[in-house]
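Student: Marked as Mg(2+) binding site by TrEMBL: D38, E225. Under the heading active site, TrEMBL lists D38. Taken from TrEMBL, the feature substrate binding site covers 39-43, R51, H55, 83-85, W87, R89, R206, 212-214. According to TrEMBL, the active site, proton acceptor annotation covers N86.
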Amino acid sequence: MLNKFRLRKKQNTSSTLRDKIEQVKKAAVPEHVAIIMDGNGRWAKKRALPRIAGHHEGMKVVRKTTKLANELGIKTLTLYAFSTENWKRPKNEVEYIMKLPDEFLGTFLPELIKENVQVKMMGYKDQLPIHTLRAIEKAIEETKNNNGLVLNFALNYGSRSEILDAVKQVLNDCNKGIIKETELDEKAFSSYLMTANFTDPDLLIRTSGEMRLSNFMLWQLAYSEFWFSDVLWPDFSEDHLLEAIEAFQKRQRRYGGI
Ligand code: FPP
């Protein structure tokens, strides 16, 4: 009896989710969603678990979020997994986070391939441990012909360094005559950033109640809609993503106009 009740409850939940997905798909979904996945440490602390347990749980949420984003027809999902400042964390935590791409892709790459997801990465590759880089590069290679959702990991990414490097490259190209100062407009400058082949995010989500950008896509987020939630990343569910998109669909984007 109890089992029957539980089963019925589960079926109801998933059909409600399905209805919500269909509802959200009726209006325009954001083309590019970027997420600052915050709150893993606090999630673990609340449960008297080590911080790394929060990161592991957070990894599972990456899978769920990717699946739903793909199903909704979002074109690009950029996830802030590790910043250039995160190296300041305890060694064991950094080492653990750097193993997550191996575990995630080791487990889910076949699923990502099947679901037509294309894996990409933006960030400074040079400082990444070789095992992390290998896992990512294998995934990039094996999904390069897919044309569904682009799952873009921001790993060892920092926006100020990205902008500075772009400026240096522009100066270099100016000196060599590859580009003239008069040709340097916003579009041309964007092509020097790590996001050269991406559209700017339409929607930025940050979890855990923090309301700052933490050196994330400072140039690219100039006209994005922001959605903040108190929910900690490991608790971020399909419903939360749908809620964020519904909120986005109600916004009026004016890009400085009226
Ligand atoms: C911020 O929470 C989270 C991170 C720095 C790591 C994010 C990584 C994941 C969610 C897993 C990534 C998965 C893959 C596949 C790369 P925090 O630790 O700062 O949390 P706190 O503010 O509560 O301490």
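Using N, Cα and C of the backbone, Cβ positions are placed for all residues, glycine too.
Nobody curates TrEMBL annotations by hand; they come from automatic prediction.
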Student: Go through the binding-site residues D38, G39, G41, H55, W87, L213 and pull out the ones with a Cβ less than 6 angstroms from some atom of ligand 1.
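Tutor: Once distances to ligand 1 are taken from each Cβ, D38, G39, G41, H55 fall under 6 Å.
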Student: How many Å lie between the Cα of H55 (substrate binding site) and the Cα of D38 (Mg(2+) binding site)?
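Tutor: That separation, Cα to Cα, works out to 10 Å.
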Student: If you skip the near sequence neighbours and keep only those at least six away, which residues in the chain come within under 8 angstroms of E225 (Mg(2+) binding site), Cβ to Cβ?
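Tutor: Residues satisfying the criterion: P30, D202, L203, L204, F248, R251, R253.
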Student: For G39, G41, listed as binding-site residues, tell me which one has the smallest number of other Cβ atoms within 10 Å.
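Tutor: Sparsest of the binding-site residues G39, G41 by Cβ contacts within 10 Å: G41.
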Student: If I restrict to non-local contacts, at least six residues apart, and a C-beta distance under 8 angstroms, what lies near D38 (Mg(2+) binding site) in its own chain?
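Tutor: Non-local contacts for D38 (Mg(2+) binding site): R206, T207, S208, E210, L232, W233.
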Student: A 10 Å Cβ contact count, applied to the binding-site residues W43, W87: which residue has the minimum?
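Tutor: If we count Cβ atoms within 10 Å for the binding-site residues W43, W87, the smallest count is at W87.
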Student: State the count of C-beta atoms found within 10 angstroms of the C-beta of R206 (substrate binding site), not counting that atom itself.
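Tutor: Summing over all protein chains shown, R206 (substrate binding site) has 23 other Cβ atoms within 10 Å.
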Student: According to DSSP, collapsed to three classes, what secondary structure does L213 (substrate binding site) have?
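Tutor: L213 (substrate binding site) sits in coil per DSSP, no helix or strand.
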